[in-house]
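According to TrEMBL, the features are:
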| type | residues | note |
| --- | --- | --- |
| DOMAIN | 1-248 | domain 'tRNA methyltransferase TRMD/TRM10-type' |
| REGION | 79-99 | region 'Disordered' |
| COMPBIAS | 80-93 | compositional bias 'Low complexity' |
| BINDING | 133, 152, 153, 154, 155, 156, 157 | S-adenosyl-L-methionine binding site |
| REGION | 240-264 | region 'Disordered' |
């Protein structure tokens, strides 16, 4: 999978891409991540990529020309992962065929919430481009050159880089061979195997710690009983903590506690 990132601060990704699961994914070749800064296509001696908003207002707005040229330059990158050196495209140049370029994603608090279903969908694509904003946001016309908008939630950060890291991590771990145990991603919160429910509780040694014991059913080796216990716990936990997910998984039915008491 090839992931391109448009960011003014590529150095923020250095540690993230070097360690852990993402680092192993890059080392194995399962993921190829490229960075490019809109400042390469900035204007003037200072490579300016932002300007004051039309109509007045506080802050600075990222320019559409710098962002779009940066995205197009990433589409022209070589297959070895090194950016192709090319002059900025003119405004009159024909836009690339969407079918032949990376799937472009604008990272913004105005986007659709990022969920596991979306991570699964994106991980199946050969190439995506993540566009990180800064300052007061993007010139509205940038939206005409992307395919969708994604948000981590109903809050605002100083830029889209943290959101880009979240998307990279969520997608990379779904690729074949990236996780040491392929089953790790199959039975976790929001996974299709759990029908969108939250994951059941997990335990390891010691059996008892300060009065808290591992449930007996998990120690007895009865796999059918363990499977039933885990399913019941996943349902209970989802009903208690995320009734919205419960309704989605159960076709709109109310959680047990809203029908007269949660199961214990």
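First residue shown is number 1, and so on along the chain.
The backbone N, Cα and C atoms fix where each Cβ goes, and this holds for glycine too.
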Exercise for the section: Let me know the largest Cα to Cα distance in Å among the S-adenosyl-L-methionine-binding residues 133, 152, 153, 154, 155, 156, 157, as an integer. Expected result: 16
Practice task
Look up residue 133 (S-adenosyl-L-methionine binding site) in the DSSP assignment and report helix, strand or coil.
Solution key: coil
Problem - For residue 152 (S-adenosyl-L-methionine binding site), the number of other Cβ atoms found within 10 Å of its own Cβ - result: 17
Fill in the blank from the handout: DSSP output for residue 157 (S-adenosyl-L-methionine binding site) maps to coil
